[in-house]
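Engineer: Got a structure for you, written out below as structure tokens; questions coming shortly.
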Amino acid sequence: MRKREKKSSRKVSDSSKNTRLLQLLSFALPILILLGYFAYRKMFPFGNSSILTVDLGQQYVDFYSFYRNTLLHHFSQFFYSFQNAIGGSMWGTWAYYLFSPFNLVLLFTPGKWITFGILLITVLKVGCSGWAFSKLLLKEKWQKGFLVPAFSIAYALNGFVVANILNIMWLDALVFLPLMIIGIENLIERKSMWVYPVFLAIILVTNYYMGYMICIFAVLYFAWTYVRNSEKIQAKWKTIGSFIGRSLLGAGMAAVVLLPTFFNIMQTKAQYNTKSFQWKFDYSPWKILPKFLVGGFNFDQMPKGTPNIFVGTLVLIGFICYFTCKEIKLKEKIATIVVSAFFVVSLCYQPLDLFWHAMQFPVWYPYRFSYIVCFWMILIAARGLLKITRLSRLQLMLSVIVLGVIVEYSFYNIKKFGFLKSTNIVISSVIIIGFLVLFSVPMKKWFKLSLLALTTVEMGANVALSLNPIDYVKQSDFAGFISNLNTALDGIRPGKNEFYRIGKTFERSKDDPMQCNFYGTDEFNSMMDPKTSNFMNEIGDSSGDNYTGYSNGTLFSDSFLGIKYMLNQTSDTNVLSPYSTRLDLSNDNLVNGTNTINIYKNPYVLPIGFAASPDILNVKLQSAQPIQNQNMIAAGLAGNKKLKLFKSYKDLSVVYSNLKDEGNNTYTKVNGNQDATIQMPFTPKTNDPYYLTIGPAFANNGNLNCSFTIGDQQLTQTGDFNSPMILNITGGGQKDQKQTLTMTLTNNSLQLDSFGLYHLDMSKYKSLMNDLNEHPLKLDHFSNTKISGTIDVPKHELIMTTIPAQTGWHVKVDGKTVKPKKALDEFLAVPVSAGKHQVTFTYRTPYLFLGAIVSVVSIGILVVLKKKEDSTVRQSEPETTK
């Protein structure tokens, strides 16, 4: 008896060791493949490249620095931050980008090492995805032996992962999806029914967007596995009810994140939801086929391409074999065909594509649900190859036909697909032949290990061939910019209970304030408040649906927005990237600087709150009228409708060279081989700074259609704008001195859109700023979520602020709650009586408290259900006798 028990114990021990080995391989091999490639590309710390590219380099890396700074130093900006453009709610940003538990790694990678932290997170997520998939295969007994890590590698490094390796906030979904599927299988088996809601909640918390897609798939998967197991299910309606109930429970546990996030989305992203679409196929399904070959991706596929569903040859063969496998019942195969057909149609039929993306077409990175298609194909393939060591004639024939069609179609249409290269087709063909040989030759001992080895080679080849065309930011460029900007900021950041903003004429990204911890004006964020973007557009700055950049301010807009310091790159630097020229930054105000950055102090800056005329509440900004809008703001603040800070230059003459007038202020080159210029000579009648307005027709796809020169000085100007901009072309002090602005065409034509010349009346500007500064809000406390201070308000005035008027701000005056007004459709304004007042602004994230209550109640319900389940299990277990 004891010998039998020892044998049984030894078998369990060996099985456990084998399971751990397979899971370790599933975790480690994807990491080694990815790390090997990163080292090959010399990504920091392996060299002077970095993992930063596209949005990871222009957006996410700055959010990750903000993440560190928030958790380690400034927790108040967890909920709201004035580093978010000119101020904005942060909850949606956390929910979309930052709630991943893997991000805790970033707490140990400060400064330039943040790129290494991101690299670590990337490989850990990929490795954990492989581990999670292996756990699913082993738990459900859908594969065994070395095919477990083979399929897990295919999952961890599928085409979606490789194409979106930079969108690392989406990769958590691939880690937790297999674990959630285990939970659904548990529901069917009526055991450990807590697993499904817990992992559904985790998925929704880590990234609600991917979670939305997984919720759709959860319904599909439950229906499929219900059909597959229908004969075993005794309490059918009870099982369906359990799925629905625990789905709601999972969403309920995530409510603390979902409810405030949903509200935030309705204020931001939902503003851009697609209101119309076409009932059509976007492309022929045949065009998906080349994506099954290695290297089916390049940069051009990022903004607009076909789905990235590379899964490897092993999966394709397994998927084919599934439908020929006699052990799998017909009803399961029919259900699989139905789900698979739905996926195929979803990948190319516009309404379904839109449905998967929450009724909003993606801006770049299309077909973001393709990872679910990859998961589905790999899972089906694993089941299809469970008991196969050699292909039957039918299976071999079908595999040859299908794989041959993929290769042949790709070869004959290679010119239609920019990402396809003949080398890639040859490599894929060799690998396909290798797999077919392995499945044809009897080789029982090394069969699965050989398949694992070949799969590892194929997935690694796809990583290299897909990512080789992608350019990455140099580590020295990233670290150099951050170091230079931080050095300049070190002496001018606001102190305790102080607030002012800092502007600059250069950028690495529009999220530099988050990267370097200062209150700025710029932001690039898919959760951007559209009202802030609209306001910035209306005063003549570069802004769009998801971004704003204070590239083209005036002295007045600087002061109004509370920009106390302006940073301007010196002329001899290659470290910084200028995007505008500000000649109105007077040397009289130059207070400090470094080798690369000059720091100018604004002597007329306004505080975050000040007394102003209630006329500001009646100002309605006009579209495409930036100078007029700034005049209206000034007049509204002063309570003087006749006040005009900016005045038009009337005697404007224009000289055209090598240009033909086509009408509608449009000019084309006469001789395309010669330079064409538009010269605008003018003589300032005052010592004021002069500003030029130009419309969006001056730019095309982010590039200017002409260059600007004033005298001998080249003016820098971003081409990234879609509404009229204000260019500062003189700094002042040029009274009666002839100036010549020259515009040299960089294309064959130019439209003088919204073209006008203005000067800022400095005496009126200074007088207005001095008047408004007489009654400031004197801060006695400042944090990102609570601002308090005292203010002495004259008769017939109100408290004007440059706090964006987002829902969540609550105002108390002298301890009593008051309802604030909205000025300029953007800022908080508080009507008060004349006299001295104590004012407090407090921000509370809308629906956060309600969401927390729902989450706590849902967790409590789950705990009760688990205890009840455990009790039922104990009662059903037979009593053991000694």
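Every residue gets a Cβ built from N, Cα and C, even glycine.
Per TrEMBL, the feature transmembrane segment maps to 21-40, 78-99, 111-133, 145-163, 170-188, 194-227, 248-266, 307-325, 334-352, 364-382, 418-439, 847-865.
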Engineer: Would the transmembrane segment (307-325) count as touching the transmembrane segment (145-163), if touching means at least three Cβ pairs under 8 Å and pairs must be 6 or more apart in sequence?
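Structural biologist: Contact between the transmembrane segment (307-325) and the transmembrane segment (145-163): present.
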Engineer: Check for me, if you would, whether the transmembrane segment (364-382) reaches the transmembrane segment (248-266) - at least 3 Cβ pairs under 8 Å, residues 6 or more apart in sequence.
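Structural biologist: Stretch pair does not touch.
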Engineer: Answer yes if the transmembrane segment (145-163) and the transmembrane segment (21-40) have at least three CB pairs under 8 Å among residue pairs 6 or more apart in sequence, and no otherwise.
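Structural biologist: Yes, since the transmembrane segment (145-163) and the transmembrane segment (21-40) share at least 3 Cβ pairs closer than 8 Å, they count as touching.
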Engineer: Where, among 21-40, 78-99, 248-266, 334-352, do we find the most CB pairs under 8 A to the transmembrane segment (111-133)?
Structural biologist: 21-40
Engineer: Mind pulling out the one from 21-40, 248-266, 334-352 with the most Cβ pairs under 8 angstroms to the transmembrane segment (78-99)?
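Structural biologist: So the stretch in question is 248-266.
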